[in-house]
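A.B. asks: Got a structure for you, questions after.
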Protein chains: 2
Amino acid sequence: MESLMIYMPIALALLGLIYMIIKKSWVMKQDAGDGKMKEISDHIYEGALAFLNAEYRLLAVFVVIVAILLAIVSVVVPTTHWLIVIAFIFGAIFSAFAGNIGMKIATKTNVRTTQAARTSLPNALKISFGGGTVMGLGVAGLAVLGLTAFFIFFFHFFMGGAWTNTMDMTIVLETLAGFSLGAESIALFARVGGGIYTKAADVGADLVGKVEAGIPEDDPRNPATIADNVGDNVGDVAGMGADLFGSYVATVLAAMVLGNYVIKDMGGAIDDLFGGIGPILLPMAIAGAGIIISIIGTMLVKIKNNDAKEAQVMGALNVGNWTSIILVAASCFGLCMYMLPDTMKMEFFGEGLQEISSMRVFYATLVGLFVGAVISSVTEYYTGLGKSPILKIVQQSSTGAGTNIIAGLATGMISTFPSVLLFAGAIWASYAFAGFYGVALAASAMMATTAMQLAIDAFGPISDNAGGIAEMSEQEPIVRERTDILDSVGNTTAATGKGFAIASAALTSLALFAAYVTFTGIDGINIFKAPVLAMLFVGGMVPVVFSALAMNAVGKAAMEMVQEVRRQFRDIPGIMEGTGKPEYDKCVAISTKASLKEMMLPGLLTIGFPLIIAFVPMLFGMNHLAIAEMLGGYMAGVTVSGVLWAIFQNNAGGAWDNAKKSFEAGVEINGEMTYKGSDAHKAAVTGDTVGDPFKDTSGPSMNILIKLTCLIGLVIAPILGGHATETGLADSDFETVEQNITITNDIAEATITYTTLENGVEVTKEETFSGTEAEIEAKLKAFEASTTKVQGDAKKVIKKMEVIKE
Amino acid sequence: MESLMIYMPIALALLGLIYMIIKKSWVMKQDAGDGKMKEISDHIYEGALAFLNAEYRLLAVFVVIVAILLAIVSVVVPTTHWLIVIAFIFGAIFSAFAGNIGMKIATKTNVRTTQAARTSLPNALKISFGGGTVMGLGVAGLAVLGLTAFFIFFFHFFMGGAWTNTMDMTIVLETLAGFSLGAESIALFARVGGGIYTKAADVGADLVGKVEAGIPEDDPRNPATIADNVGDNVGDVAGMGADLFGSYVATVLAAMVLGNYVIKDMGGAIDDLFGGIGPILLPMAIAGAGIIISIIGTMLVKIKNNDAKEAQVMGALNVGNWTSIILVAASCFGLCMYMLPDTMKMEFFGEGLQEISSMRVFYATLVGLFVGAVISSVTEYYTGLGKSPILKIVQQSSTGAGTNIIAGLATGMISTFPSVLLFAGAIWASYAFAGFYGVALAASAMMATTAMQLAIDAFGPISDNAGGIAEMSEQEPIVRERTDILDSVGNTTAATGKGFAIASAALTSLALFAAYVTFTGIDGINIFKAPVLAMLFVGGMVPVVFSALAMNAVGKAAMEMVQEVRRQFRDIPGIMEGTGKPEYDKCVAISTKASLKEMMLPGLLTIGFPLIIAFVPMLFGMNHLAIAEMLGGYMAGVTVSGVLWAIFQNNAGGAWDNAKKSFEAGVEINGEMTYKGSDAHKAAVTGDTVGDPFKDTSGPSMNILIKLTCLIGLVIAPILGGHATETGLADSDFETVEQNITITNDIAEATITYTTLENGVEVTKEETFSGTEAEIEAKLKAFEASTTKVQGDAKKVIKKMEVIKE
């Protein structure tokens with residue numbers, strides 16, 4: 001029986017999207033200011049659109065190629081259904097559409113925020129945060145809508161809308177994985193391409209504008225200034241949005257896969273109010289509830305006092321954020337109690353089946369919420385203005401750029417200590433509470449506040465842009481002061497948002513990793529097998545090389561920008577006097593082209609390695625389960641190393657940035673107040689130059705790398721695994737297997753008698769092996785794997801197996 | 001029957017040590033130059049001795065504490081023998097003694113090299129390389145001597161000098177692990193403390209001397225200059241020596257453990273010409289042969305032409321090195337054929353027993369030699385003058401320190417790509433050839449050339465010092481030119497030597513890791529268990545934090561040095577005019593004290609984490625095998641991450657260094673020749689400042705971190721593992737176990753009937769379990785583990801076990 005509960009998330013997602021549309025039209029109705037402001041805003045909007053269009057063209061090519069590959073795979077490999085191609089395409093479209101909404105609203109909100117800042121700070125916050133809210137709800141709403149709609153469709157298509165067995169549900173979820181893969185592929189383009197774009201424009205604008213020509217930041221005479229402002233949107237808005245869209249979808253998917261596994265552990269079917277799929281629906285329900293909760297949270301973000309400072313603005317954001325977290329906790333409690341059986345059975349590797357109460361699942365969700373909240377504090381500590389690590393970097397700046405760099409690197413490195421202990425503790429705790437289902441639900445609960453997190457995140461670059469527009473359109477100083485307050489808060493939320501994004505990527509990857517193991521049907525991933533260990537090494541290396549490629553890409557793209565800006569300064573008459581008009585669009589085009597070109601190699605690395613590991617050994621006839629284990633080792637290597645490098649790079653970059661900013665208000669070094677323009681400040685600027693690609697390009701790219709790696713693994717899993725094999729067969733189709741094992745000697749002979757279904761006819765067969773006990777074990781294992789293969793319609797099924805070793 | 005072959009390595013080690021003594025007295029007989037040169041040399045010698053003495057005092061305290069801990073463990077835990085304490089102390093003493101020999105000869109050879117350089121380049125090379133040879137043979141000779149002597153002693157003590165069974169041999173090797181632990185502990189002090197020392201002195205001397213006071217490097221007016229020269233010896237000679245001493249011993253030990261495992265796989269005993277321990281003796285024999293081969297290799301290192309340049313000197317070193325490698329390959333072939341059974345049986349996890357020919361073991365050793373040779377080329381490519389990565393960094397220096405730093409970081413990061421693929425390929429190939437025994441023998445073969453590698457390595461800092469003495473004693477320019485040629489070659493060999501040290505640490509750790517698994521008796525390390533995965537994360541984090549601590553330590557120590565040098569410039573009258581004498585010893589004392597103080601925290605991290613992981617869960621009553629798996633996950637995390645960070649930091653540091661040096665001869669940037677003193681050069685100097693602690697402190701420390709972590713795991717293993725358990729019982733003491741398993745239902749009852757020996761009396765007991773199949777499995781596993789515990793004399797042995805599940 002199908003429950004109406006399955007439609008709940010979709011209804012909530014639609015509600016969220018409706019609210020988004022209302023909010024969007026409200027923002028659009030706000031005053032967009034005078035001619036000059038509008039003109040600048042239009043430049044940014046057009047630049048952003050130009051990037052999006054170029055990106056979408058490239059994406060379209062990419063999506064078509066991958067879709068064809070997936071289609072070939074789905075034809076050749078009988079365990080893969082062609083509908084995965086459709087899911088993939090829609091995943092990509094939904095993610096791109098969400099990014100589109102975010103970019104458009106962000107580039108429309110910026111100028112309205114500037115205009116509002118002319119009247120009051122509360123108004124400016126209301127509008128900039130309103131824009132962020134549109135972005136957040138667009139991402140979360142589309143993610144839940146797409147995922148749920150496809151789930152319902154596949155649930156009806158493969159299972160007729162009613163529970164049959166866990167094998168059928170596995171097919172449903174495997175096909176659904178295509179949606180997640182599509183979403184994450186877009187994230188690769190948005191995050192990595194966007195990261196390269198934003199830093200190429202930033203570095204290019206600064207190197208020639210600030211350093212060579214000596215004109216201030218955001219000066220309209222600088223041809224790269226529009227590209228720089230577009231970059232903020234491309235990187236921080238669209239990139240972050242696509243990243244979290246991908247995490248959101250992947251987390252919920254992984255939790256659903258593991259929910260199906262819980263049902264399997266409980267005997268293949270459960271009886272509940274939700275058509276027997278309560279544990280599978282739960283993560284979707286939590287995600288749906290999160291949308292409504294986020295709306296409530298965003299409504300609470302407001303200030304009343306026009307003389308408010310950073311602390312009050314931050315406080316307003318915190319009220320909204322913490323309310324969301326607490327409400328999500330409450331909804332998790334309610335949903336766990338309502339939707340899960342009172343006690344479940346879960347298989348713990350090496351420990352057997354255990355009884356798990358729904359309360360323990362709730363505790364696991366609390367672990368996720370805890371991690372999401374604490375990681376932000378950890379990030380804030382290591383990168384926050386006035387905190388001890390930043391003060392140390394400031395001190396070390398007095399002896400030059402070298403010591404500043406060392407201090408920044410060391411800060412980033414040390415920050416892995418609490419972060420990793422937090423993650424390790426979270427894995428341990430959520431697993432102890434409710435197995436890998438608990439780990440996945442911890443991630444789901446954390447991600448439930450995605451809309452709220454994104455609203456907080458996106459308001460930063462919007463305010464940053466608003467400040468830029470105020471500068472370029474030569475507003476009264478008070479306007480810039482107000483936008484600066486918002487911008488400053490935005491810088492903090494950008495850093496903590498990165499922490500949240502890493503935590504989400506880490507937990508998502510772990511959940512996907514667990515789902516991968518269940519999909520392939522391997523017993524586990526034993527790193528004492530040399531090929532697995534070798535792949536763990538290779539996996540560990542990939543994030544390091546990826547980061548290097550991303551950093552080099554920024555360097556190359558920035559150099560192109562530098563040359564273009566120099567050319568314009570040289571060739572356009574009157575540009576420095578403000579009489580000649582810079583060709584903004586040329587700079588935008590360079591950033592766009594360079595970023596998309598330069599992201600090819602890292603992208604290829606991300607996608608290529610898992611494919612090589614999976615398919616090359618297959619060509620050499622290697623055992624599929626052995627390959628699955630190797631690929632698992634690779635995934636673990638990428639995840640562990642990727643998380644470390646993400647934390648290291650993000651926090652080092654954030655720390656350098658704020659160490660540099662510390663000089664703006666003045667800092668005390670060796671008893672003397674030191675300001676902008678001092679040698680120490682110059683050293684800090686050098687540090688920030690290194691930190692820029694760290695925190696805005698290579699660092700955030702790690703999130704995509706680890707999630708995409710695990711997703712590719714998940715999509716390949718059915719090709720490698722033995723499980724999908726039992727396709728379309730209910731547990732009840734199997735007779736209980738009987739074994740008689742007697743061992744009296746090292747060298748033994750084993751006879752296996754088994755009954756198979758061949759083209760619907762039962763056939764009894766016999767096979768004899770001999771060898772040592774270990775050899776026999778190995779052969780039996782191989783035999784079991786082979787007898788669970790599906791060969792066209794001729795399903796070969798063990799109905800009875802008797803093993804005698806004497 | 002005991003074979004004389006067991007004494008072969010000890011005889012060869014003694015031969016090597018005798019040759020070393022002869023070579024040493026030859027070096028000491030050489031002319032040590034005039035009064036001024038002698039005075040400076042004595043300062044360096046005394047400074048080095050002062051460091052050694054301070055280090056030894058600290059070491060003595062450390063050794064006593066660890067010895068007491070080990071003694072307590074050996075009393076409380078019946079599977080650990082108190083002789084491990086003796087082995088540990090001697091391991092520490094031997095390593096310290098080897099370091100002492102190296103430091104003394106290096107600080108005596110430097111001045112003699114300067115003096116020889118007054119006559120000719122060939123003479124200078126002969127003497128500086130002679131000093132290096134003494135160092136290399138001292139380390140290798142003492143390592144083989146100590147390890148072999150203790151093996152023979154324990155073999156007689158525990159087994160009466162004749163084969164009994166693999167259990168007894170396991171006790172022998174476990175006790176022998178103490179020697180290795182002692183050696184590696186010293187390496188921790190020498191490498192980490194030495195690394196901090198050398199950079200604190202270097203940075204301190206440069207910051208005040210070169211930058212503030214504007215006097216050249218090695219100027220005798222700089223109070224820190226002696227400390228700087230001492231630092232070269234402390235870091236590059238003693239540190240590298242202790243590192244390779246530790247690798248050498250650990251590799252051979254691990255190969256012996258796995259050799260014992262081969263014998264176990266072959267039924268617990270083999271019949272060969274070597275008293276049945278051929279596979280165990282083989283790694284020692286290879287090590288012994290390597291000493292003699294290294295002597296031959298060092299004899300070939302000479303040049304004849306007084307007008308020779310770097311290329312000829314490098315060529316001479318290469319002749320010696322490649323001859324050694326080829327001879328080791330030949331000796332491996334001979335020894336494998338002679339000492340191993342024609343075919344062996346080895347257990348491959350998940351694949352059962354396989355037949356392995358002795359030829360395949362030889363192939364595995366070739367893999368090791370290949371890795372040792374190729375990793376040097378890889379390192380040379382990424383850090384060598386004139387190579388494309390360095391040229392790119394030079395180009396990026398033109399846009400400032402920021403871009404120089406980014407380029408250097410990226411180079412170090414990208415260099416992990418070929419290095420890790422090489423290691424991963426080596427693991428795979430050597431395992432495919434001959435299982436983990438093959439991996440360990442690959443490492444052993446690579447390490448056989450240790451004496452030669454160290455001779456090449458140590459000659460660099462000796463020449464560097466010789467140049468310093470020439471400068472300080474104001475010799476003719478030709479003298480400095482000649483020592484500069486040697487120094488320049490020494491810089492290249494220092495970089496490639498670091499590559500060799502990483503490769504040796506990586507392979508050694510893998511071998512130790514494999515030995516660990518066999519010691520604990522676990523089936524493998526399954527990272528799909530959440531606690532194991534959590535520990536993989538934690539392990540991955542430790543090298544990152546360790547590196548940060550080491551870098552910060554350099555910063556702190558350097559600051560103390562800076563203040564002391566400033567004080568002397570201020571307080572000592574006439575110091576800048578050369579009439580006042582700087583207080584060199586004060587600077588030496590500061591470096592010594594600071595380095596030993598600052599290495600405490602990273603040291604604690606290294607030793608503390610594995611102990612916490614092993615013993616804290618034990619207090620909470622966690623299953624020992626589960627803990628063993630967690631600790632294994634931690635070890636794997638440390639190894640994978642540590643190898644990556646070692647490569648990254650060493651190569652980034654080496655690249656920055658040579659990018660800076662490129663400016664000395666002049667480089668072409670954007671079509672213009674650019675030299676020292678240019679802005680680009682200043683940017684490159686900043687890069688080198690960052691690179692210094694990377695390549696000389698935190699990078700090389702990674703080797704020790706990963707080896708020591710795996711060794712601590714190995715020593716803890718018997719406490720965790722089930723195997724040691726069967727202590728003193730031959731395989732024949734066990735009756736064949738009988739099992740009857742019939743499964744017809746999910747819920748089952750199991751009855752186990754078993755016979756034990758209690759105080760020599762056979763007692764038959766019965767125990768009944770019930771539960772699901774998985775629960776029964778878990779209980780049976782726990783039961784089996786418990787019945788193999790040794791409790792004093794009351795050995796509880798399964799003699800017959802019958803399991804009936806219905």
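Using N, Cα and C of the backbone, Cβ positions are placed for all residues, glycine too.
As annotated in TrEMBL:
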SITE      A:Ala494  site 'Determinant of potassium dependence'
TRANSMEM  A:6-22  transmembrane segment
TRANSMEM  A:58-76  transmembrane segment
TRANSMEM  A:82-103  transmembrane segment
TRANSMEM  A:134-159  transmembrane segment
TRANSMEM  A:245-263  transmembrane segment
TRANSMEM  A:275-301  transmembrane segment
TRANSMEM  A:321-340  transmembrane segment
TRANSMEM  A:405-429  transmembrane segment
TRANSMEM  A:500-519  transmembrane segment
TRANSMEM  A:531-551  transmembrane segment
TRANSMEM  A:599-620  transmembrane segment
TRANSMEM  A:627-648  transmembrane segment
A.B. asks: Where does A:Ala494 (site 'Determinant of potassium dependence') sit by DSSP, helix, strand or coil?
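C.D. replies: The three-state answer is helix.
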A.B. asks: Count the Cβ atoms, other than its own, that fall within 10 Å of the Cβ of A:Ala494 (site 'Determinant of potassium dependence'), considering every protein chain shown.
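C.D. replies: For A:Ala494 (site 'Determinant of potassium dependence'), the count of other Cβ atoms within 10 Å is 25.
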A.B. asks: Which residues, given as numbers and ranges, are at least 6 beyond the ends of the transmembrane segment (A:82-103) yet have a Cβ under 8 Å from it?
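C.D. replies: Result: 20, 24, 48-49, 52, 56, 59, 63, 66-67, 70-71, 74-75, 134-135, 138-139, 142-143, 145-146, 150, 154, 157, 174-187, 190, 233-234, 237-238, 241-242, 245-246, 249, 458, 715.
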A.B. asks: Taking the transmembrane segment (A:134-159) as the first stretch and the transmembrane segment (A:405-429) as the second, find out whether 3 or more Cβ pairs fall under 8 Å, excluding pairs closer than 6 in sequence.
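C.D. replies: Since fewer than 3 Cβ pairs under 8 Å link them, the transmembrane segment (A:134-159) and the transmembrane segment (A:405-429) do not come into contact.
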A.B. asks: Does the transmembrane segment (A:500-519) reach the transmembrane segment (A:405-429), going by 3 or more CB pairs under 8 Å (6 or more apart in sequence)?
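C.D. replies: They do touch: at least three Cβ pairs between the two stretches lie under 8 Å.
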A.B. asks: With Cβ-Cβ distances below 8 Å as the criterion, list the same-chain residues six or more beyond the ends of the transmembrane segment (A:58-76) that contact it, or say none.
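C.D. replies: Same-chain contacts beyond the flanks: 82, 84-85, 88-89, 92, 96, 178, 182, 185-186, 189, 596, 715, 719.
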A.B. asks: What stretch in A:321-340, A:531-551, A:627-648 has the biggest tally of Cβ pairs under 8 Å against the transmembrane segment (A:405-429)?
C.D. replies: A:627-648
A.B. asks: In terms of Cβ proximity under 8 Å, which residues at least six beyond the ends of the transmembrane segment (A:627-648) contact it?
C.D. replies: 412-413, 415-416, 419-420, 423, 502, 505-506, 509-510, 513, 516-517, 520, 522, 525-527, 529, 531-544, 547, 609-610, 613-614, 617-618, 698-700, 702-703, 705-706, 709-710, 713, 716-717, 720-721
A.B. asks: Can you work out which residues elsewhere in the same chain, 6+ from the ends of the transmembrane segment (A:275-301), have a Cβ less than 8 Å from its Cβ atoms?
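C.D. replies: 1-3, 5-6, 8-13, 15-16, 19, 125, 129, 133, 136-137, 140-141, 143-144, 147-148, 151, 162-163, 169, 248, 251-252, 255-256, 259-260, 262-263, 269, 316-317, 319-321, 323-324, 327-328, 331-332, 335-336, 339-341, 344, 365, 437, 440-441, 444-445, 447-452, 455.
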A.B. asks: I need to check the long-range neighbours of the transmembrane segment (A:6-22): which residues 6 or more away from its ends have a CB within less than 8 Å of a CB in the stretch?
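C.D. replies: Non-local partners: 101, 133-134, 137-138, 140-145, 148-149, 151-152, 155, 274-275, 277, 281, 284-285, 287-289, 291-292, 294-295, 451.
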